[in-house]
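Student: According to TrEMBL, the protein has these features:
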{"type": "DOMAIN", "residues": "A:96-325", "note": "domain 'ABC transmembrane type-1'"}
{"type": "TRANSMEM", "residues": "A:66-84", "note": "transmembrane segment"}
{"type": "TRANSMEM", "residues": "A:105-126", "note": "transmembrane segment"}
{"type": "TRANSMEM", "residues": "A:146-165", "note": "transmembrane segment"}
{"type": "TRANSMEM", "residues": "A:202-221", "note": "transmembrane segment"}
{"type": "TRANSMEM", "residues": "A:256-282", "note": "transmembrane segment"}
{"type": "TRANSMEM", "residues": "A:302-328", "note": "transmembrane segment"}
């Protein structure tokens, strides 16, 4: 993909984000639930309620509110959270890394598990083993992430307590992190005990998020691999005496990857969306968990900020996938 | 020099990864001086005097651990000295006096003084600070300090002033520290005079507190207290069942019964200052007294408690629970379906010609809320009331209630941790209150004079009279008093708190 094409995509992304901002702003204002009604005291008078409304800028007209918010947005100010009483941008900066680490780890696991299943299925094609692999994959695909989460809670936290259930790491750990990317930072700083503790806390939520995506990766990749295995260049390699495993890994996989990556990119956005409920179940302190509280409290500035952050993430993911697909596919790379 | 193949490198890397994970998954140490609580709500803000968290009764368990209140409150809702050792009114109720505890220090070691009390009260009274209970704090002013005694003028007589000092937003904050670090600095590093000090905090995840060894009330029982914010009830059950937490609360009653039957776990389930009620709005068809009273008499509250809540609940007839000051056991609206049918018949309604209205309810906000309303609608149907259930979110309830736009009937819960009738019957039934749904002059005329009644005995009797009148007129349908289930390891003793606040200071090791 050329630089001009990338710039075009970025410009489109900016327009899309603006559209998201407008839609979210309007939807939140017409949706039921008034944040002020949730915080008025028992003896509040009409004047008290009006003062509270003015304090949060909700006494202005819808258009005025929007332009005030837009002005702030352009200046990098997403406003102040009504419930958390903190700068929204700062809150996103605190929570987003946790969600990115969770989603990123889930993506890696999904690719590894899905890739393994696809390769096993390809190797076992036209044998009874293929049905077993396909059946297992069908199971992964049929069960949604939150059901996996509840099953893991039951099995790995209650019956066989192998993994810690909630949080991002043990609350007794004392470590001054320079960043909010605790997993990466503990690894880089060779704090392996902390790293291991974080990984063990992430294991169940990561698996719950990863398994449904792994099944999709497996299905698409297996189809692409089987198609590639019938191509002439693979036949030629087979005639040279390469084993089936080497044929899959060294010959077919590269050509099967672009289609899989493109679909994985789309599906990854669903995975990121799934972090909302998964973070809640595992009391994981990412923006998904914060989003639910924001919605319950009708914290309009925070909801707007979170939706924008999700929107930006989705756009970035799709752009990254397009770049990766272009890098893997010479025909796209050279226009 | 030995060479390492790529495969060996990968194998070593994988081995190291697995070793790290295995090392990390083992609990750091089973510490007997640590109390871990799987808590049911998140802590949005450390300032206990502003915002939505300030009026959340559950969160007071955390605030009361870090801060002290002007007046303390025992688990049975009775009051005791807090940072004020004594308090009262002058004879003609034109002044209040407060004696401030001596020898108390803030968590940063600086001394606590009467100036902190005055500053906290003045700050709470300013509308611009956003204190939701400002209407109470603004009723005194012109503070004078003489030694450890503070006096203030009564600007408007508020009989519940000192009771509020033990409840929502009634906390003393550090004047000098707050002015030095500001609101943001205080959120980042809050200090109080309470039994525990903030040690570490991760929003939506946990709060770690350490014991305040210099606490004026004696050193707390646990060196460390960890609140894990586990808002999902299933996860809280798993936390206590797996042993990851020592204590949890607000689990489904079915799970409570199952958990307390297990070896190593114990539990308490006692009524708290929170009731389930059906708001009635003064709109058709509820303007018909027969319809309102029929709706009330038709409900078999005991059956709801027994069958839906496994016995965990107390049927009530007024908005005053038995622990409240104005509870009157002689006021009873009995389950009487025959009488209900007769009342409806007097207005021309019956099973063949039912009266119709909408009833709103939350679903999953309180235990079995939707199921209770389903059961009630079934009871109503038998006598000639066809109610359509509309499920709404809690935010919608608040919006509709503040706009006097609830459905003719709307289910909600109502807390009152100071036990005073103003906070239950008062704000729920007084027309000008933004929280009432029935707004008529007859009730307001009865309630109005009670707000400033200086004779306590007369005041409480007045509220009992209001409760009786409201019950006779059917202006509200109180359903039940909630029971709070708490599950804990059997190595602990827990004193249940009627206010519902699970305070670490009410937990101790079993001897």
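Each residue, glycine too, has its Cβ placed from N, Cα and C.
Could you give the neighbours, burial and distances for every feature on this list?
Tutor: A Cβ distance under 8 Å defines the sequence-distant neighbours of the transmembrane segment (A:66-84), meaning residues of its chain 6+ beyond its ends; these are 21-22, 25, 35, 39, 56-57, 60, 91-92, 293-294, 297-302, 304-305, 308.
Sequence-remote contacts of a segment are chain residues at least 6 beyond its ends whose Cβ falls under 8 Å from one of its Cβ atoms, and for the transmembrane segment (A:202-221) they are 101-103, 105-107, 109-115, 117-118, 121, 137-138, 140-141, 143-146, 148-149, 152-153, 156-157, 163, 165, 168, 183, 256-257, 259-260, 263-264, 267-268, 270-271, 274-275, 278-279, 281-282, 284.
If you look at the transmembrane segment (A:256-282), the same-chain residues 6 or more away from its ends with a CB under 8 A from one of its CBs are 99, 102-103, 106-107, 110-111, 145-146, 149-150, 153, 165-167, 201, 204-205, 208-210, 212-213, 216-217, 220-221, 224-225, 227-228, 288-289, 291-292, 310, 313-314, 317-318, 320-322, 324-325, 328-329, 332.
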Student: Could you tell me what the rest of the chain brings near the transmembrane segment (A:105-126), counting residues at least six beyond its ends with Cβ under 8 Å?
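Tutor: Cβ under 8 Å, 6 or more out: 132-134, 136-137, 140, 183, 202, 205-207, 209-211, 213-222, 225-226, 229, 244-245, 248-249, 252-253, 264, 268, 271.
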Student: What residues elsewhere in the chain lie close to the transmembrane segment (A:146-165), defined as a C-beta under 8 angstroms and at least 6 residues from its ends?
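Tutor: Same-chain contacts beyond the ends: 200-201, 203-205, 207-208, 211-212, 274, 277-278, 281-283.
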